[in-house]
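Novice: Quick one: the structure is below, questions incoming.
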Amino acid sequence: MKKIAVLPGDGIGPEIMAEAVKVLNALDLSLQLDWADVGGKAYETSGHPLPPATLKLAQEADAVLFGAVGDWKYDKLERSLRPEQAILGLRKALGLFANFRPAICYEQLTHASSLKPELVAGLDILIIRELTGDIYFGQPRGRRTAVDGHFPGAEEAFDTMRYSRPEIERIAHVAFQAARKRNKRLTSVDKANVLETSQLWKDVVIEVHAQYPDVELDHMYVDNAAMQLVKAPKKFDVVVTGNMFGDILSDEAAMLTGSIGMLPSASLDANNKGLYEPSHGSAPDIAGKGIANPLATILSAAMMLKFSLNLPDAAARIESAVQSVLAQGLRTADIWSEGTTKVSTREMGDAVVKAITTTKTIKS
Ligand code: NAD
């Protein structure tokens with residue numbers, strides 16, 4: 001029996017997680033679901049956003065299904081106690097270095113994008129972001145009095161952008177392998193014209209490419225990639241990039257699809273153990289109202305079945321069911337438009353369950 005650590009978290013987290021779990025249960029798989037608090041909820045109950053018991057559960061599980069964490073009311077807490085530290089702690093403890101963010105624009109939702117429908121109809125791209133290195137974690141960092149620069153003697157803050165060869169090699173392998181399973185096209189995004197880190201990134205990606213001659217590789221500077229994503233997003237297939245560029249580009253790609261409430265994500269270790277979560281946050285503005293879109297979390301559960309539990313057919317049943325409810329015209333408020341039927345979080349989950357139990361698998 002496979003063990004799943006279920007961590008609903010804060011805000012809309014518990015509401016959307018309840019629907020994802022309902023969907024998993026409808027598949028009648030042999031899964032053991034173990035629940036634990038995380039984020040602000042865990043801070044309230046045990047004084048830390050990632051208590052030892054939650055971490056242990058995650059470490060012992062085959063995969064982690066994560067809702068969302070955070071609330072503005074915790075903004076004044078010292079950094080190490082803020083809810084978002086739970087995600088960073090889990091990534092570090094579980095060795096999750098590869099973040100997969102698909103951006104798929106469902107045919108029925110093309111109008112929800114801020115781009116013209118013809119630019120996004122059928123969009124299906126995958127952004128792979130390195131998660132453990134880069135300027136987010138590089139030392140040294142801090143605040144000090146400047147000894148040089150334009151304003152010696154002034155207060156200054158500094159961070160360090162760093163990447164080592166093995167860090168780049170392992171994410172490059174993941175990206176080439178992912179590209180192989182899709183359309184065999186990979187774009188590596190960097191800023192090699194300005195940054196040493198990016199130059200090493202580019203050199204290593206080119207070296208690793210020698211092992212994947214069947215995959216077409218191109219390189220793009222991050223500023224151009226940001227432009228191309230809104231100009232002609234369908235030109236991309238798989239994109240691989242560092243932590244900071246990936247953070248920004250994956251959010252940009254998410255918005256092309258219209259609603260952040262539709263987008264799943266996966267963060268994987270070297271053995272495909274992973275943490276699966278919606279791309280959005282805890283949405284405190286709509287928490288408790290029963291209107292959040294649960295589909296990103298439901299689709300994250302599908303990614304979990306595919307990547308960590310090796311159950312691609314079960315994953316495909318979820319994906320088909322989501323397509324089916326959209327085709328029926330069911331929409332939560334974030335994706336609602338004239339002529340479609342507005343449903344609550346729970347009604348959307350129920351509809352996916354119904355579609356799973358009544359429709360056949362479209363793809364396997
Ligand atoms: P957010 O993603 O929570 O919300 C942005 C907007 O999108 C809001 O208007 C929200 O109502 C809407 N939205 C988000 N998910 C939705 C859904 N499933 N259905 C319908 N509408 C949805 O981002 P934010 O407001 O910047 O952050 C809120 C909190 O979430 C902050 O504390 C932030 O730190 C945290 N956060 C957590 C994660 C995570 O847990 N991985 C990620 C991002 C932000």
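Heads up, the Cβ atoms here are built off N, Cα and C, so glycines get one too.
Note that the structure is a prediction, hence the values are computed from the model and not measured.
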Novice: For the substrate site that TrEMBL assigns to Arg91, Arg101, Asp223, which of the candidates Arg129, Arg141, Arg185 is also assigned?
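Specialist: Looking through Arg129, Arg141, Arg185, the residue TrEMBL assigns to the substrate site is Arg129.
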Novice: How far apart, in angstrom, are the most distant Cα atoms among the substrate-binding residues Arg91, Arg101, Arg129, Asp223?
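Specialist: So the binding residues stretch over 27 Å, Cα to Cα.
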Novice: Name the residue among the recorded positions Arg91, Arg101, Arg129, Lys191, Lys289 whose Cβ has the smallest number of other Cβ atoms within 10 Å.
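Specialist: Counting other Cβ atoms within 10 Å of each of the recorded positions Arg91, Arg101, Arg129, Lys191, Lys289 gives the minimum at Lys289.
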Novice: Rounded to an integer, what is the Cα-Cα distance in Å between Lys289 (NAD(+) binding site) and Arg101 (substrate binding site)?
Specialist: 27
Novice: Using CB under 6 Å from any atom of ligand 1, narrow the binding-site residues Ala283, Asp285, Lys289, Asn293 to the ones that qualify.
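Specialist: Checked binding-site residues vs ligand 1; flagged Ala283, Asp285, Asn293.
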Novice: For NAD(+), with binders Gly281, Ser282, Ala283, Pro284, Asp285, Ile286, Ala287, Gly288, Lys289, Gly290, Ile291, Ala292, Asn293, what's the maximum Cα separation in whole Å?
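Specialist: Max span of the NAD(+) binding residues, Cα based, is 16 Å.
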Novice: Check each residue in the chain of Ala287 (NAD(+) binding site) that is at least six apart in sequence and keep those whose C-beta is under 8 Å from its C-beta; list them in sequence order.
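Specialist: Listed in sequence order, they are Asp10, Gly11, Ile12, Glu15.
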Novice: What other residues of this chain sit with their CB within 8 A of the center of the CB atoms of Asp223, Asp247, Asp251, the recorded Mg(2+) site?
Specialist: Val222, Ala226, Met244, Phe245, Gly246, Ile248, Leu249, Ser250, Glu252
